[in-house]
Amino acid sequence: MADMDADTAAHTEPSVEEEEPFFSNLDLLLFSLIVGLVVYWYMSRKKPEPIPEFKKLDTAAPAARETSFIEKMKKTGKNIIVFYGSQTGTGEEFANRLSKDAQRYGMKGMAADPEEYEMAELARLSQIENSLAIFCMATYGEGDPTDNAQDFYDWLQEIDDEDLSGLNYTVFALGNKTYEHYNAMGKYVDKRLEELGAKRIFDLGLGDDDGNLEEDFVSWREQFWPSVCEHFGVEASGDDSSIRQYELKEHTDLNMNKVYSGEMGRLKSFEVQKPPYDSKNPFLAPVTVNRKLNKAGDRHLMHVELDITGSKIRYDSGDHVAVFPTNDSAMVNKLGQILGVDLDVVISLNNLDEESNKKHPFPCPTTYRTALTHYLDISQPPPHQRPLRAGPGKALYHSWVQGACRNILAILEDMPSLRPPVDHLCELLPRLQARYYSIASSSKVHPDRISICAVVVEYETPTGRTNKGVATNWLKNKLVTDNGHKSTVPMFIRKSQFRLPFKTTNPVIMIGPGTGIAPFMGFIQERGWLKEQGKEVGETVLYFGCRYKNEDYIYQEELEEAEKKGVLTQLNIAFSRDQEQKVYVQHLLKNSKEHLWKLIHSDNAHIYVCGDAKNMAKDVQTALQDIAEELGGMTRTQATDYVKKLMTKGRYSQDVWT
């Protein structure tokens, strides 16, 4: 650059008269000035610093996640693999119990999450002698797979030329008879594997959570293993009561910064919050509102608002918020007293199978207090395990434990001779699961706020004890400020198919008694927001039910204001006990059947039902079938098919629970 500038500056026009000097004084002055500036610039410019050479370090590549369950089974000598599709943890728990059972028969099992492995390898399972794949598959929502089994479900649907003729399998399905698509996922896996040539070695098991899911599983399991013995020619080695999956290690000098204190995944994740937030990394949302909704009565219906400002969490109307509750501290302390244990001892429960993906039953190291407070379910009747039976036989277990609603504390109180080691108890108790609530707000109106509507669960058991719902009582006590500190709730969002129609002009029919109104509060807010944006919005009709107008007509002011503004075009309320004869939402449907039928049959309305699955949802469906039969001129079969077709087309959605 400097050389080029100098050359350019030295080039001049030829002289016109020979007598004139080649350079004038001005030329010399300018030339000198330019040369001086160029030299100065060249000499003073910062020379590029030499780049130091560094010796390349040999860093170990991050360990690749093992996606081949076949190679893992070969490496660890396993021949039974138990895949689980689990949303709340029960399917995973059953899978772990089945994989542990295998030891009794001289076999080795492993539980596996289908999301973590390449499921096309099922075709290679025959490479392992005496191999068997067991599938514990739960059904979620309206016949859908659980989140972790979605990819497996998609794979089963897509493949047609896969040959699974060398695969031995069996399926245990987890579901609920009150739902339309009872055990749909388990039934589909069982049927599809057979279609692909796999060999079913034991009948499909159907677990019904509306009845007794635990009992269904135990009954199936006790018939299943003898069938496995017969198929593979093996014999049971004896009772499994002494088989432990984990061994205890007590820590005496561990830095407390390395001890879990309630986190679900990453250590100290509650102190340093980092998105994205999910079931392994929940967001600590401050509670900004916690108010009682009902005006009177012996129940407590509450409205809780969580602040998600700055979390980057997004939700849609109809989604669910999952919260991680903690057990009552008085129950935890009582357990410690009865078992005579120091709850603040730091421990780890380490899997005896070093190759297992599941190193601990809950985050470790931690204290007994933390485990019993944050990680283990101490409020539900414990699972049907031999060490916890009150006596021989399932009938006694069913009546004395489950029938009497005895949790582990009640069992220990009523059986002074039963004092299991606390670490064994921690191994046997199921995990405390997140609780899911329909979100009662719209992100269009409240992008930084999530509302929950719930009723506090509290009831007297046959033994005279008062049992309290873990999550609802925990939420009830989440005051906005507690001793000067903000109360927080660990939470994340679970997406739902419970969605407002894409076309805003489609009419919406919402049916939800009690706290079933929760998602409809979000729908109403969103329809109001759309109207404010100048959008054309179809009819918005609500059928809501409660006991008494002056007692538990929740959100009365908000609903009547929405009706006044024309956001709600119809507000139909059933006060079931304000008159001698009980009136429910399904009765109101028939009272306005002509208009309802027009909205559904002619105007392409979308129907939404939220609340009790066992009675209300079925009665609403029957009422709509009656209307279709009467006003649509259909036979009963045609009316039933008509309503089912609405469901298939996504025009009849349910968000129900038992």
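Just so you know, glycine gets a Cβ as well, placed from its N, Cα and C.
Pulled from TrEMBL, these are the features on record:
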{"type": "BINDING", "residues": "86-91, 138-141, 174-183, ASP209", "note": "FMN binding site"}
{"type": "BINDING", "residues": "ARG299, THR515, SER576, ARG577, LYS582, VAL583, TYR584, VAL585, GLN586, ASP619", "note": "NADP(+) binding site"}
{"type": "BINDING", "residues": "ARG435, TYR436, TYR437, SER438, CYS453, ALA454, VAL455, TYR459, GLY469, VAL470, ALA471, THR472, TRP657", "note": "FAD binding site"}
{"type": "DOMAIN", "residues": "80-225", "note": "domain 'Flavodoxin-like'"}
{"type": "DOMAIN", "residues": "280-501", "note": "domain 'FAD-binding FR-type'"}
{"type": "TRANSMEM", "residues": "22-43", "note": "transmembrane segment"}
Item to check | Segment-level pLDDT (mean, integer) for the domain 'Flavodoxin-like' (80-225) | outcome: 93
Checklist outcome for this item: Check: min Cα-Cα distance from TYR179 (FMN binding site) over binding-site residues TYR437, CYS453, GLY469, SER576 goes to TYR437
Checklist outcome for this item: For ARG435 (FAD binding site) and GLY141 (FMN binding site), the CA-to-CA distance in whole Å is 15
Checklist entry - Nearest to TYR437 (FAD binding site) by Cα distance: which of the binding-site residues GLY89, GLY141, ASN176, LYS582 is it? => result GLY141
Item to check | Candidate binding-site residues ASN176, TYR182, ARG299, SER576, pick with smallest Cα gap to ALA471 (FAD binding site) | outcome: ARG299
Item to check | Site extent for FAD, whole Å (max Cα pair distance, ARG435, TYR436, TYR437, SER438, CYS453, ALA454, VAL455, TYR459, GLY469, VAL470, ALA471, THR472, TRP657) | outcome: 23
Checklist entry - Which whole number of Å gives the largest C-alpha distance between any two of ARG299, THR515, SER576, ARG577, LYS582, VAL583, TYR584, VAL585, GLN586, ASP619, the residues noted as binding NADP(+)? => result 25
Checklist entry - Cα distance, VAL455 (FAD binding site) to LYS582 (NADP(+) binding site), nearest Å? => result 21
Checklist entry - Which chain-mates of GLY469 (FAD binding site) that are at least 6 residues away have a CB under 8 A from its CB, listed by sequence? => result SER379, VAL456, VAL457, GLU458
Checklist entry - Where the distance is taken from Cα to Cα, which of the binding-site residues GLY141, TYR182, ARG299, SER576, TYR584 turns out closest to VAL455 (FAD binding site)? => result ARG299
Checklist entry - Same-chain residues six or more away whose CB lies under 8 A from the CB of ALA138 (FMN binding site)? => result TYR84, GLY85, SER86, GLN87, THR88, THR90, GLY91, THR146, ALA173, LEU174, GLY175, MET185, GLY186
Next on the checklist: Please give me the CB contact count at 10 A for SER86 (FMN binding site), counting all chains in the structure.
Outcome noted: 22
Next on the checklist: Given a separation of at least six residues and a C-beta threshold under 8 Å, show me what packs close to ARG299 (NADP(+) binding site) in the same chain.
Outcome noted: VAL455, VAL456, ASP552
